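Taken from Swiss-Prot, the feature transmembrane segment covers 20-40, 44-64, 68-88, 89-109, 125-145, 215-235, 241-261, 267-287, 300-320, 322-342. For THR187, the entry in Swiss-Prot reads FMN phosphoryl threonine.
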Amino acid sequence: MAYKNASSPHQKQRRTTSQVMVLVILCLIPGVFLQSYFFGYANLIQISLACLAALASEAFILKIRNRPVLNTLKDASALLTAILLAISIPPLAPWWIVVIGTIFAIIFVKQIYGGLGQNIFNPAMAGYVLLLISFPVQMTSWLPVQSLQPFSLTLMDQINAIFTGSTLDGYSVAQLSVSIDGLSMATPLNTVRDALHNGFTVTEIFNSVQFKASSWQQIYWINGAFLAGGLILLFKRIVHWHIPMSFLLGIGIFSFIAFAYSPDLNAPPLFHLFSGATMLGAFFILSDPVSASTTVKGRILYALLIAFIVVIIRNVGGYPDAVAFAVLLGNMCVPLIDYYTQPKVYGGRK
């Protein structure tokens, strides 16, 4: 057997928490860039507001708990939570939406449970669910892509819309959510769900004007960008393959079963894989090492469970996308999954 000679030192240095968080944030850049390119720069404003709220709220609660403030803030975990939440909400949502969600995520989901490494729920998704349930109108006011927007929005228009609810010319967010053909803007998942409830088949929906105006091509590109960033995380071994690959495989299998059973009432697997927050969830949310399962078998079961819930809610639930709800339900099951998937210790009794 041939052995490879390598110079010392042979013990590799482990990455620090801050290095891991920063690398994850960097891998989010392709998806964030395409969001800005297709829908405007308002999402960057939301990210800035969320980061400020995250740092301020974490510093506040750390001060109350008599914990070191600067050293904790340097780990960048609060910034990652803020960015994940900010890119999940509509770009022109009121400024207080992202602030409330971020404060809730940092204080009530992360710090009250003991801080980084102790929270049982994913903070960003818990904050998102709080906002979606509490403010459904603001959380579903999506913009058309810039090529279909009836008004040309400058950066100042977007800033003004976020802080006052209207552009410099007086157009409200509701008016901005209507494309040039007069159709109210909705995500592809929204469009498919609403049309199915109205009795249309999947084939009719995909050929409809409403679906073609729902920016589905841009959403596919954005998911592809998050997939590219996720593959970098896999290559760097920041994320193990078990969770993202099992989740995507589960989405494909479960959606294929539903599509094969009733192709007129269920979207095909490719649509599910590249719509909504599928790729963002697979590589950046489910793979959270704190709230996910810790065993190899457990990670696979955890990801498959979430994939199953996502497909079920998308097909028959009341919400178009279900990644956030599915992740929180999966987080609840982690202790049980870990209990029954612990590897047998050599020499131990079964």
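Cβ coordinates come from backbone N, Cα and C, glycine included.
Through the fold, the transmembrane segment (44-64) approaches residues 32, 36, 72-73, 78-79, 81-83, 85-87, 89, 91, 93, 95, 98-99, 101-103, 105-107, 110-112, 158-159, 162 of its own chain, all at least 6 residues removed from its boundaries and within a Cβ separation under 8 Å. Sequence-distant residue pairs (6 or more apart) of the transmembrane segment (125-145) and the transmembrane segment (241-261) include fewer than 3 whose Cβ atoms are under 8 Å, leaving the two stretches without contact. No contact links the transmembrane segment (300-320) to the transmembrane segment (215-235), because fewer than 3 Cβ pairs that are 6 or more residues apart lie under 8 A.
Through the fold, the transmembrane segment (241-261) approaches residues 230, 234, 267-269, 271-273, 278, 281-283, 286-287, 292, 296, 299-300, 302-304, 306-308, 310-312, 315 of its own chain, all at least 6 residues removed from its boundaries and within a Cβ separation under 8 Å. Under 8 Å from some Cβ of the transmembrane segment (215-235) lie the Cβ atoms of residues 23-24, 27-31, 33-35, 38-39, 144-145, 148, 185, 187-188, 241, 244, 273-276, 278-280, 282-284, 287, all in the same chain and six or more residues away from its ends.
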